Amino acid sequence: MTQTFADQKRKTVETAEFTEDGRYKRKVRSFVLRTGRLSEFQRNMMNDNWGTLGLDYQTEPFDFAKIYGNDNPIVLEIGFGMGKSLVDMAFANPDKNYLGIEVHTPGVGACIAYAVEKGVTNLRVICHDATEILRDSIADGALGGLQLFFPDPWHKAKHHKRRIVQPHFVTQVIQKLGKNGFIHMATDWENYAEQMLEVLSANTDLVNTSKNGDYIPRPDFRPLTKFEARGYKLGHGVWDLYFVKK
């Protein structure tokens with residue numbers, strides 16, 4: 001079978017890095033590339049609509065005003081899954097521009113398909129490692145906010161180093177946020193919620209909007225996700241955190 005653009009995309013979600021003596025440098029990644037296959041429909045949606053809804057990793061900052069055709073705030077969501085809640089938020093907030101990052105191509109294809117169905121134009125998606133996008137493709141101060149909903153909890157203690165929410169990640173995000181930019185996280189793992197709260201609270205550039213100094217109720221503007229519904233079924237709680245850059 002001929003390899004299409006969508007098929008090739010899965011193989012280029014991160015840039016290979018090497019040591020000075022030419023050996024491949026292993027990275028501690030917050031994601032694992034699952035083997036889920038693109039459906040024919042998802043493949044076609046990616047191939048047909050990438051030019052209008054997709055962005056590729058680049059080593060210089062995106063020109064968001066040119067990409068979106070306006071200067072509306074940019075809200076970045078990392079790990080949007082199948083993309084339904086992201087598209088719903090973009091549809092409900094035409095005064096904001098949304099940028100979604102997801103490394104799993106079936107999710108990217110599904111997100112694009114739903115965006116086309118809803119007629120959403122204020123959304124772009126990227127299929128690449130988020131840490132590289134933050135490092136290379138987004139200018140300092142360019143973002144209005146970051147959304148991180150139900151990231152992989154890596155629940156085993158020996159895997160906690162793989163969790164995306166680490167001090168260096170938060171520092172990197174803050175650098176990309178403009179003044180009063182927000183960080184909104186949600187998880188259905190209490191241990192991860194505690195880690196998120198600890199890491200975010202330790203950064204003096206952020207202010208917690210919770211009146212109690214911890215978590216907030218799910219705001220109406222965040223759609224109920226399938227991961228959240230799954231958590232409720234398993235008897236898990238759900239914790240939202242909302243911090244603002246000083």
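Note: Cβ is positioned from N, Cα and C throughout, glycine not excepted.
Feature annotations, reproduced from Swiss-Prot:
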ACT_SITE  D152  active site
BINDING   E77, E102, D129, D152  S-adenosyl-L-methionine binding site
BINDING   K156, D188, T225, K226, F227, E228  substrate binding site
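A helical conformation is recorded for K226 (substrate binding site) in the three-state DSSP classification.
Comparing Cβ neighbour counts within 10 Å across the recorded positions E77, E102, D129, D152, the minimum falls on D152.
Each residue contributes its Cα atom, and for K226 (substrate binding site) and the residue listed as 'active site' these two points are 14 Å apart. The binding-site residues K156, K226 differ in how many other CB atoms lie within 10 Å of their CB, and the one with the most is K226.
Taking a C-beta cut-off of under 8 Å and a sequence gap of six or more, E228 (substrate binding site) has these contacts in its own chain: F150, A186, D188, R218, V238. Sequence-distant neighbours of T225 (substrate binding site) (same chain, 6+ residues apart, CB-CB distance under 8 A): G81, K84, S85, F149, F150.
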